[in-house]
Amino acid sequence: MGAVSRDDYIALCTELVEHDRRYYALNQPTISDYSYDMKMRELQEIEVQHPEWKVSWSPTMYLGDRPSGQFPVVPHSSPMLSIANVYSLQELEEFFSRTEKLLGYSPGYSLELKIDGIAVAIRYEKRLFAQALSRGNGVKGEDITANVSTIRSLPMRLPQEAPEDLEVRGEVFLSYEAFEELNACQREQGKLEFANPRNAAGGTLKLLSSKEAAKRKLDLSVYGLITDQKKRSHFENLQLCSQWGFFVAGMPKQCRSRQEVVERIREIEEMRAALPMAIDGVVIKVDNIAHQDRLGLTSKHYRWAIAYKYAPERAETILEDIVVQVGKTGILTPVAELAPVFLSGSRVSRASLYNQDEIEKKDIRIGDSVYVEKGGEVIPKIVGINLAKRSLESEPWKMPSLCPVCHEPVVKEKVSVRCINPLCSGGMLEKICFFASKSALNIDHLGEKVVTKLFEVGLISSCSDIFALTEEDLKQVPGFKDRSIQNLLASIAGAKKVALDRLLTALSIPFVGSSGAIALADHFGTLDKVIEASLDELMSIEGIGPKVAASIVAFFSKHENREEIRRMQELGVQVLSKQSDKEAPLQGKVFVLTGTLQQMTRTQAEERIRSLGGKVSSSVSKSTYAVIAGSEAGGKLKKAQDLGLSIWNESKLSRILDAKSVS
């Protein structure tokens, strides 16, 4: 690691926070697990060298997934920590040496598959399934009982041989077959595909409808047992779990020596491609439970366990063509069209090439036999070329000088090539899709498939056109039925009240992501102030450097961008300003939402409450100011009634949000 400045540190924190948001909240990762782990290690090293730089929001301060805010939070019976990762046999040897030094002798180990899924804790009372929790922060997790109960391989009742009360811990996952079925369904409905089985499983566990979760064919593999009836070894515990009806994946094995562990690691790596589910490594645990107790744990990890992670899977195939796509900011991105190949449980036919420089650096040519890997991304990447198979007639590939969509000349920037034609339909379609997406305005029923159809028939050609759509317009579109029309119009109406940071994200300002948009909203408070901000004002904000500041000034200096915002406002879009504490009528008041809202989505309601200074909690307590009860409200409503709390319906919430006053 070379010389690092505090700005570099802040930039790395910001980048990892965004990766966390995309991974845990959106289930749309844009980076492989390995790349993420390497960046996290770099951040940890910087914080060791410069503890004075450490910020309270650093990703190193958190463990596990962030609460979704949709489920009650419940304490774990004992800490549910993550397992530290190693990527080489040398690092594994260091774990062995460290363990043996702490114990004073060489223990036996057990070894099991590291399924790439979501960790859960499942409690049984009187041998009946009682509750399921996510890992959360390791101390508390979200109550996901309803969704976990849909797992068909999970026993609802345990046999008499099992203890009356116990807890198992395991990994919820989707098999490759179930994952392919789910993504096929997503494609048919015009929705985003899941990046990998793990993110599909995570998204399913966060669904509010257990009926919908049941359709997705989740599975569970148990990796731990907690009971008062102490057993001698971890391996014996897994055998008991299997006898009681739990699925325990992948032939756990006891190993008496380091060499046996290494041999088993290699055996599993060879059979990895034939497994029916995704694994990203193996977990090695000290087998004797008493030895585990002696070794204990750190604030984040168990000292008695380590995860050996394999390199991403790789396949060889033919690069048949390179096509160029136009992104939402006009950047031209080359994409490899591949001869279809099976990789990590799915059929792969495309790979990301990023930019011209990347192609030149790797000397990638059409017709090459290439090696592809699939990490956390939906689209895999080319990691190498089999030069022995290259044709003597192959030629270097060059980025086109004209936009492939509008055929206007493109501009070469430092790294990127950009179409600067503001009327280019290619970039505009991408921009509108992003504007309506979950990452931006989150307009339900307006996925990529619907946007493309509306764009192709000429009903929308800009983001503001979304808010001008009428029932008569949509009736002209083939395939649109009355119910889908009403659902879409209701979602668009709900999106007209938008938090400032959400709109700034949705505008696709080059180099401004969600974290940058939040920083702008927090600093300036109103859209007008952001639009009129000077370069110096922008650069005074932490996390906004010269490049980003210049991009913001350039964006708002363009007439067409200001005109687009003005038209949105004319069509009824209200940008919710970030209010100061003195101006915030809901400041310090805690709200809980339960049931289904009709006039706005839960996300929109939460954002509007927060924009007025309020807080949104996932659980009801004496400190709750009011519970917002939609249709089909459940246990939270009953608890609020028992505590004598104020209960609002959606109409009252809307009135107060519109009036910006609780009086």
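For all residues, glycine too, the Cβ spot is worked out from N, Cα and C.
Record note: Swiss-Prot gives D33, Y34, S35, Y36, D37, S82, I83, R135, E171, K285, K309 as NAD(+)-binding, and the candidate from E112, E193, E263 in that site is E112. For the pair D37 (NAD(+) binding site) and C406 (Zn(2+) binding site), the Cα-Cα distance reads 40 Å. The average pLDDT computed over the domain 'BRCT' (581-663) stands at 82. For K285 (NAD(+) binding site), the nearest of the recorded positions K114, C403, C419, C424 in terms of C-alpha separation is K114. C419 (Zn(2+) binding site) sits 45 Å from K114 (active site, N6-AMP-lysine intermediate), taking the Cα positions as reference.
Using Cα positions, the member of the binding-site residues D33, R135, C403, C406, C424 nearest to K114 (active site, N6-AMP-lysine intermediate) is identified as D33. Classification of C403 (Zn(2+) binding site) by DSSP places it in coil, neither helical nor stranded.
Distance from the CA of C403 (Zn(2+) binding site) to the CA of I83 (NAD(+) binding site) is 48 Å.
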